[in-house]
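Take a look at the structure set out below.
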């Protein structure tokens, strides 16, 4: 499916509705509680958005009284669970006859080809073959079924049997064997037979996990002033600035323009910090010693947890700090690091809890809550997502002389990230995992990405690589109907240097449940971000810089989890490169603007047709409507709102039944030329040769010139309006104010109905009474001066 070329690529790039069999179904056609293997009072399933998958679970708890090796006198036991061709092993213990493993093995029911389960206990040998200590055999037909929320199946002691199973031998092993689904608590931590070929650290990266983004704060450091700053050059006062560093974030104040020992700045420096606070604020007061030389006059180190946490815009108390002085002069010796009452710095610092720390674009924001938990409101809904399957994935890497894909899916909403288990060596993986998020604002977006696991080893490359991106899906919650289950198949589209490419399809089931309709309606009248963003907003440059720092911090912290969520995954999910220049994106945004005016253009064309009497019946009806509105002006506003109401009702028939998806036509991903794609995927700074950069720079100048012309034309029209009364053109202003006086008198003595009726009749007059020349008002307006003639 993924390699075949569809007859119409546009249809293949669209999201499609699917009809999977969701909910828990048990063998023999029974539903939960409906005459299958079991019957339960609990009919409603918590896993109703995924297809049910059956697993055979084997829990190996511990063993006791194992026989020691007669030669070495010790026992290094481990357990091997065998089901047909699948084998799973626990770790072994050195010299322990009563080991505890507490490990669970899971075997997919679809791949079970044996009627018995064998559990072997062996003694690991370094040189020769491992010794056989005993085994326990279970019949598949006798395995009980367990359904949450039933309590876990109690493990039991089983006597070990010999190789033939005819007699018992020394030793016992505690086991529990049951049939369950992915809803079982043991599912996420189990060793899956599908991952039998993964060893070492790679075992951890194939399991499903839930991650939580670190709690991010904005650190505001207001550097007010310093006192008694000394420099090595005693002949003149120093020219001073302050450099502040938090982790890898470095900011500087402006250079104090006056040379003084008591410089003054009153400048805010903003950083992003994450709990737990591991970094420190390092301040250095530096003097300008030359064009490219600075000397340190003092240093201050402050732990971040000492700063006050502010929830609103109340004033924060300032404090003076003594700096650790860097000695000037050789004679001071080891005394130069002593704390002296010399240079001091005046600071006002706090951790801002009233802001939402942006680590993703506001266009695709998934969370808008402020940092301080006490400012959070109650959730307004619940989002449930079932990550079902992927179909027709493109092979991503070589393995054993062929190409394959080890796919997993990541979903990010709010502070919660989820990662499904990795399905090895499959182009049509089945995950069927369900996750839930609390929703605090419906005007948010959940992002799901599919990746190829490059950290398993065993591929043809010697070292593990990066996790390759397969595709991404975004779903805006406000486009969903409440309490409706959507089952959709989304194409995974990736823009590559060769063009847009479909990498497969991702099948999802999701539902947005409303907890409080009143709260949702209330939210629609309030700002998206917390009020601190509007009371004390950041500059555009600060927002971009802080978002970049926040993304780096999130990527580092999630990369330290076990298993790690790697940097390339986090950056792709957070759209780290969305701000980079792209000719394709610029074209797409330009045509988005053009399409916005399509309705106005269509309306103006319709009015022109009415004025030209192309359809006399329509023109006569417009005359009648206008006469009615003139005679009864109180009907004008009600008619406008009634008209909009009728349009909304009419458009209800053609409403979208599925949430929108990536549009390759809207993105201009199909019409883009190869050189523009090469430019978009270029590194920053560029790695291209000089001629290519020169050509692209000239093209960029051409595009920017056209944008500049459009913006200049818009500015010119506005300045012409200003020139009507500014006396830049004395004759034009004289004519206009005389016209205004005459118009005021006429409008005063003439009823408004008559004025409006005459104006409408003139506008709607027959073409034989029209001239192809521009009207006098248009000619007058175009002759007005603008400030463009004053530009260099």
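Each Cβ is built from the backbone N, Cα and C atoms, and glycine gets one as well.
Feature annotation (TrEMBL): of 455-487, 554-586, 620-652, the stretch labelled transmembrane segment is 620-652. The feature transmembrane segment, as given by TrEMBL for the ranges 419-437, 533-551, 590-608, 666-684, sits at 590-608. Annotated range for transmembrane segment in TrEMBL, selecting from 400-417, 490-507, 508-525: 508-525. Counting residues of the domain 'C2' (359-490) by DSSP class, helix then strand then coil, yields 9 helix, 63 strand, 60 coil.
Residue counts for the domain 'C2' (37-158) under DSSP, split into helix (H, G, I), strand (E, B) and coil, are 6 helix, 53 strand, 63 coil. Secondary structure by DSSP for the domain 'C2' (200-321): 10 helix, 66 strand, 46 coil.
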